[in-house]
Amino acid sequence: MSSATEQSTERPDTAADVDGPIKEIGHDEYDPIGTLVLIGLYFLILVALWFFMYFVEFVGNDPTVVSSILMGVGLV
Amino acid sequence: MNIHTYEKAWLIAAMLLIVGFIATITYGSIGLGIAMVDDEGGSIDPNEVFDHEEFSDPGVQQVGEDEYEVYVRAQTFTFVPSPIEVPAGSEVTFHVTSPDVIHGFSVVGTNVNTMVIPGEISTMTVEFDEPGEYGLVCNEYCGPQHHEMSGQLIVTPEEEFDLTELSAEAPDEVATGEEIEVTATVTNGQLEDLDTTVTAEIGDVTLEEDVTVAGDGSEEVTFVVDSSDLGEGDHDWTVTVDDYEESGQVTVGTDESDENDDTTDTEDDNE
Amino acid sequence: MSNATTAYFEDFPEESKVIHSAFWSSFIALTIGGLFGLIQALHRTDVFRFMDSADYYTVLTAHGVLLALTFTIFFLVGLFTWATTTSLDRGMVDLRFTWGWYGLMVLGTILAAVPILAGFTDSIDMSASVLFTFYAPLEGHPLFYVGLVLFVVGSWLAGVDWFRTWWAWKQDNPDERIPLPTFMVLTTTLMWYLATLGVAIAILAFILPWTLGLVDGINPLLTRTLFWFFGHPVVYFWLLPAYMMWYIMLPKFAGGKLFSDPLARVVFVLFLILSVPTGIHHQYLDPGIAEGFKFIAMTNTMFLLLPSLLTAFTVVASMEHGARQRGGTGYLGWLKALPWRDPVFTGMSLAGLMFAAAGFSGMINAGMNINYLVHNTFWVVGHFHLTVGTAVALTFMAASYWFIPQLTGKRLWNRSVALIQVLVWFIGMTFMSNAMHRGGLFSIPRRTAEPQYEEFAFEAGVGSVAELNLQVALGGTLLFLSLVLFLANMVVTVMGDRADSGSIPANTYAGTLSGSEDAPLILDNLKLWTTIAVVLVVFAYTLPILSVIQDGGLFGYEINGFPVSIAPFLPAELPASLETVTAALPEIEVIP
């Protein structure tokens, strides 16, 4: 079931390109497979870029601040 | 609440992504030993930075074999000291603070980067394996000349690095026939003994003396030349130790009064 | 919501005027801020410099304040007033009160802008070139802080206005679910109340008394920490109105319905409870804060990715629903069925696409130790030009093409110009932010008039610094061109005549595939979520703040302010800057 906001629209939208739907697709008959494909691609890009940024750009950009046994020595 | 199967799958993938990110960062901390700038550096009254025993005369100190401490003042609109020189193959701990406003301390092209906040000391330990020259840049806005606040960090080859300081003292004038004493003081800031040769050229006389300067100590070497060997007139003198050089001029003859008060002090350190 | 056949101005003529005024306040800030952005893009890349580099920071302060606060928040208050009245289908309780908070926000903006702009001239002894973060001991004129406070108080009263309108509605509709747009308004407002506590305390308890000489000292780390208590959630205050547009308008323009009302509510609840206890991730490289506190902030920040990742799915699925209703087919072929010639749809979609990219650089920024690579570099500037500079700004501009006719009853002057405008913005930002991100990776700093140094040169891994500079300058120029097109369209539209009665589209928002009836009732329990949010904030911030106070004192050290004025400031010498203090602010006692 859906709220009835849009259904009663009878006047044209600003978006003249937005024609009324060719067909009504209800909740139960809709599987967003295209979205799954797109978001899957996004996921792969994120994972690849994360590894590249962390292990190539960051770790390869040494020297890096490391923990040290010297910590705290030398300061009064 | 029914969530579509695909969106459930995405929810799980998103959680995996988040957990994976946190796991990577944790691996960096534990596996790679990357430490964050934190509260280890302690606090400091910004009004007392110029009186602080280290920050009043900041610079490089050796604290162990291949271990160095560097004190840096980030202030409008400069880093003190700059250039900072440290040896390759060493572990360097930076202590940075500000006597005025918030600054940044970024070693260009590396992952050495910290905020510098008045009242706090930023402490970071870094291992420099290879020689190289890096820029230093203040990357936090600190006032109208912010863009001029930069410096240099030089990592020198280990065998070329020292913390030697040389100063020399000689009279400006001596009467003919008197002796000219040139006193050189060699300070060794490193922990190991320094074996070196002090060379003095006074006029056309060259003298040499081998010295051993104890770690964290200093030695005084005095060279004596009979002024009559040089003859009347102005004579240049130079004292050298390794790459350090001090020089001055001594006048033989002429006015004989207050000769002992007129001396030339020169001093140089490796900053 | 019931009266879905008429335009907004027909149902709410008085509210339309307030919202229209708020939008124009927003556009004016956008214009000035955008012009300053162009000046900066040309100056720091050394493509064209016509002013002293010290003035750059005055320009940058105005750019930051006008765009990050004024432009975004004025648009937000207009949008939220529309969302509340539209979805509750009732007017504001008391329009005098509505005009009152709008007036207070205008007053605050003017009071803050005057000392900033006075920084350009020596003839007015006033300046506030402290940037939008105003880190003490940099010191702006007191009027600057007073202006900021009034502006924020105005936004607080706006929140009160939306709440009381909702309460009035609830009296009449005791058993109904909170309509989704109002739900978004209320959760965002609650988040804002919590977030602004930080900046209110920083200014009212510490910075303002110190600039006025009532107290001698300040703890710079404390005021900085309080700033970021506010400074991170403020980005969600910019972003959530854009999210609202993507949830309740974009599906409609795509020809479909919102995929899931319950998940939209979950997302806004997550933003309410997780936005604030994350600010310390801006302080990963701060001394004086233990690593453990930074780790906690990171965990919270990473989990805050969840609502955005969920949004990506829900919004794209809603668009796909539209595309399939419009006859789209295939795994990706449906994308062709979307109304790409509609500037409102295309603008919002491109904004969302940019936000996907921004999501990635944000994930890097959220990482604790990788922050050494990017902190305070140009990377960060690239990041927030994708978020607030595109995801938010482009969504707002695209939405304006729909809203201004709704509010005025006048037809949009030119849809083709509007379509070109959103495309040019996208292209310009692609150039600019790409170059900024790359430059940051080899340590080019942000917030710098002249990132060219004597001692060294930046080494680009791929390409060259000159190439990056050209991209930034080109991108900045395209963005400004786009801004001019936007303004021209808006000005000509409102100068035009009213359209024939009934020719402006109806004031509707998207229907839902899975509606509020599928959402558990507990989602609407605002008290519960607010309590959890407060508990998380207490958990994340109590110990760090106590330790900062313990180390540096509540009122810190006796520190003289460093007024950031351009002319008399002498370089390098501390005594000279102290003289400037005495000269500029004689009422402040100078401690030798």
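Positions of Cβ are set from backbone N, Cα and C atoms, glycine also.
Note that TrEMBL annotation is computational and uncurated.
Annotated features, as they stand in TrEMBL:
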- C:26-494: domain 'Cytochrome oxidase subunit I profile' (DOMAIN)
- C:21-42: transmembrane segment (TRANSMEM)
- C:62-85: transmembrane segment (TRANSMEM)
- C:97-120: transmembrane segment (TRANSMEM)
- C:140-163: transmembrane segment (TRANSMEM)
- C:183-207: transmembrane segment (TRANSMEM)
- C:227-250: transmembrane segment (TRANSMEM)
- C:262-280: transmembrane segment (TRANSMEM)
- C:344-364: transmembrane segment (TRANSMEM)
- C:384-404: transmembrane segment (TRANSMEM)
- C:416-436: transmembrane segment (TRANSMEM)
- C:472-492: transmembrane segment (TRANSMEM)
- C:528-549: transmembrane segment (TRANSMEM)
So, taking each listed stretch (C:97-120, C:227-250, C:262-280, C:384-404, C:416-436) in turn and counting its Cβ pairs to the transmembrane segment (C:528-549) that are under 8 angstroms, which one gives the highest count?
C:262-280
The transmembrane segment (C:262-280) and the transmembrane segment (C:97-120) contact flag, 3+ Cβ pairs under 8 angstroms:
no
Non-local residues, at least 6 beyond the ends, that sit with Cβ under 8 Å of the transmembrane segment (C:472-492):
27, 30-31, 34-35, 37-38, 40-42, 44-45, 47-48, 397, 400-401, 404, 412-414, 417-418, 420-422, 424-425, 427-433, 435-436, 439
So, taking each listed stretch (C:227-250, C:344-364, C:416-436) in turn and counting its Cβ pairs to the transmembrane segment (C:62-85) that are under 8 angstroms, which one gives the highest count?
C:227-250
